[in-house]
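Enquirer: Before I ask anything, here is the structure I am working with.
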Amino acid sequence: MSNIVWHQHSVDQAARARLKGQNPVLLWFTGLSGAGKSTLAGALERALFEAGFHTYLLDGDNVRHGLCKDLGFSVADRDENLRRVGEVAKLMVDAGLVVLSAFISPTREERDSIRARFPEGQFIEVHVSTPLSVCELRDPKGLYVKARKGEIAHFTGISSPYEAPLSAELTIDTSKGDLASQVHALIDYLTAIDVISSNRLASLA
């Protein structure tokens with residue numbers, strides 16, 4: 001690695017952000033399977049996109065069709081999956097985007113490792129805290145049924161632990177309230193930390 005030197009671009013993150021009229025950030029949605037991470041992140045992205053913001057959503061299932069298609073579900077492979085996603089998200093934030101990611105990411109160590117790659121304020125942890133009982137009742141992919149039968153090893157929440165965040169920037173239980181109000185809570189937070197400029201709020205009403 002001693003012969004590999006980081007090449008400084010002539011256009012930096014601040015310049016890209018000014019062009020887009022937004023402050024780049026990574027929102028990291030974490031929670032159990034079926035908690036509503038992808039649904040919530042997708043609804044927020046739609047709202048921001050329709051207001052003219054430049055966004056991208058990284059989804060746990062989608063990245064395994066390409067970027068991480070060579071990885072399985074062992075502990076080592078899951079760690080590598082999140083490492084890759086964290087690096088891609090970092091590049092996207094550097095490009096000036098508002099990036100949303102929806103991954104179970106069950107351990108605090110994994111999430112803290114990704115947070116450490118970003119400057120203060122550019123990593124926002126959103127704990128989608130929907131209870132296991134609700135997630136299992138929803139079971140949109142039938143994974144909990146398989147896990148209860150022992151057909152899926154190391155399934156988070158059943159045969160493998162989920163470590164809830166200790167100090168997430170936001171905590172949302174999707175079993176309480178409706179999707180629109182949950183999205184507005186996220187938008188209010190992004191406004192408060194100046195990711196969203198006040199002169200563009202009208203289009204989010």
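Cβ coordinates come from backbone N, Cα and C, glycine included.
From Swiss-Prot, for reference:
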- SER105: active site, phosphoserine intermediate (ACT_SITE)
- GLY31, LEU32, SER33, GLY34, ALA35, GLY36, LYS37, SER38: ATP binding site (BINDING)
Enquirer: Pick from SER33, SER38, SER105: which of these recorded positions has the biggest number of other Cβ atoms within 10 Å of its Cβ?
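Expert: Answer by Cβ density within 10 Å: SER105.
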Enquirer: Rounded to a whole number, how many Å is the Cα of LEU32 (ATP binding site) away from the Cα of SER105 (active site, phosphoserine intermediate)?
Expert: 9
Enquirer: Between the residue listed as 'active site, phosphoserine intermediate' and GLY36 (ATP binding site), how far is it from one CA atom to the other, in Å?
Expert: 14
Enquirer: Can you list, in sequence order, the residues of the same chain other than GLY31, LEU32, SER33, GLY34, ALA35, GLY36, LYS37, SER38 whose CB lies within 8 Å of the CB centroid of the ATP site?
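Expert: The surrounding set, listed in chain order, is ALA102, ILE104, VAL128, THR130, CYS135, THR174.
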Enquirer: Please classify the secondary structure at LYS37 (ATP binding site) using three-state DSSP.
Expert: helix
Enquirer: By a 10 A CB contact count over all chains shown, which of the binding-site residues listed here is most packed: LEU32, ALA35?
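Expert: Per the Cβ count within 10 Å, the most buried is ALA35.
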Enquirer: If you run the three-state DSSP split on the residue listed as 'active site, phosphoserine intermediate', which class comes out?
Expert: coil
Enquirer: Taking only same-chain residues 6+ apart in sequence, whose CB is under 8 Å from that of LYS37 (ATP binding site), what do you get?
Expert: PHE29, THR30, GLY31, GLY60, ALA102, PHE103, ILE104, VAL128
Enquirer: Taking the Cβ of GLY34 (ATP binding site) as the centre, count every other Cβ atom within 10 Å, in any protein chain shown.
Expert: 24
Enquirer: State which of the following binding-site residues has the fewest other Cβ atoms within 10 Å around its Cβ: GLY31, GLY36.
Expert: GLY36
